[in-house]
Every structure is written in structure tokens, then in C-alpha cells.
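What TrEMBL lists as compositional bias 'Basic and acidic residues' is 1-10, 188-199. For 1-52, 170-199, the entry in TrEMBL reads region 'Disordered'. As annotated by TrEMBL, compositional bias 'Polar residues' applies to 11-22. Under the heading compositional bias 'Low complexity', TrEMBL lists 30-46. Here TrEMBL flags 49-176 as domain 'ALOG'. Look at TrEMBL and you will find 171-180 tagged as compositional bias 'Basic residues'.
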Amino acid sequence: MSGDRRKDSAEGSSSRSTTTTMADHHHHQQQQQQQPQQVPAAAAAPLSRYESQKRRDWNTFGQYLKNQTPPVSLSQCSCNHVLDFLRYLDQFGKTKVHLHGCVFFGQPDPPAPCTCPLRQAWGSLDALIGRLRAAYEEHGGSPETNPFGNGAIRVYLREVKECQAKARGIPYKKKKKKRNNSQLKAISSEEPKALKQSS
């Protein structure tokens, strides 16, 4: 009798393994049929660092608008909302900006800590606005109505830049545009001709 049980249990386990094998085979066939549909998603290149940051910034701004009372839709968004968002971000800043009354005002490397507030660095805000401006248009917004490209935003960023430069004693100099070598060669080759013609 115990031999019969062993035989039954052996048959049961083999039938279970056959069922499992058939299910695995069926599942494998389904996966193969679905693979062509999954290839484009798998083949899609991962987002660049810039694109990832732009997506995060866009989502953060969208969440900021939703948290307003009353919530603001993107179609209602104006440059005032953008300015409020930039001011809101200051609380998360890591750049020490000395106040006028601070003994370290205008010193790039203060010798001791002070109680002046931390702010978002001008360069970070400028880059953020650039990414949000691009994201706005990628999400169907018109360049003419882009609140991130409004003149008030440029004025605000310029004021932040100047204020931080004075407070931190760090002058922001405009970068001179570099001429490429072919332009320089063309200019230098034209100079002797011009000299010959004038003489």
C-alpha cells in the first residue's frame, strides 16, 4: 500500500511538473509575442541629466501651483506666480547672502559665521528659469505667453545677481564671446589686403 502511495505521489508530482512546464512554455510564448511591443520602451534612451532635472523642475512647479489657495492651473499661470515660486525656493537655498548691516557684507571669504540668511544662488535660479521656460513650450505653451520668458523675470534675476554680487563680494563679469579660428584667420588674411589698398 505504501508503494501505491509513493507511485501516486510520484505521478502527482510529475503531473504537477508537467503542468508547470506547460504553463511556463505558454508564458514564454506570450512573452515572445509581446516582446516586439516592449522593445521600443526598452530601447528608449535614458534621459540626460538636463532632461531629468527639467522634468523634476516642471513637476515641482506644477505641484507648487496646485498647492496655492485656490489652486492655479497652468493656463492661469502668470509671471507673478513664477516670481512667487522663486521667492518660495529661497527657503531651501544654500548660499549665504550677507545683509547690509552684517560686518561681513561684501567679503567673499568671511572669517567667521554669521546669522545672515541662506538663499538660492543666482546661477541656480537662472538655470532653473531656462529649464522651466523650455518645459513650458514642450508642454504646449506658446512662446509669446511663456511666463518664464517675461521681462519681469529677467529684471528679478538681474536684481538677485547684483544683490548677491555686492553682498558676497563676488563680481559677476560678462564672458567675452570667443571668435572661432576660421573667423580669426579670415580677419587676419584681410588685414594685409586692406593695408595694400590704402597705400
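Placement of Cβ uses the backbone N, Cα and C atoms for every residue, glycine included.
Bear in mind that TrEMBL entries carry predicted annotations, made automatically and left uncurated.
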Residue counts (helix, strand, coil, in that order) that DSSP gives for the domain 'ALOG' (49-176): 76 helix, 4 strand, 48 coil
Averaged pLDDT, computed only over the residues in the domain 'ALOG' (49-176): 93
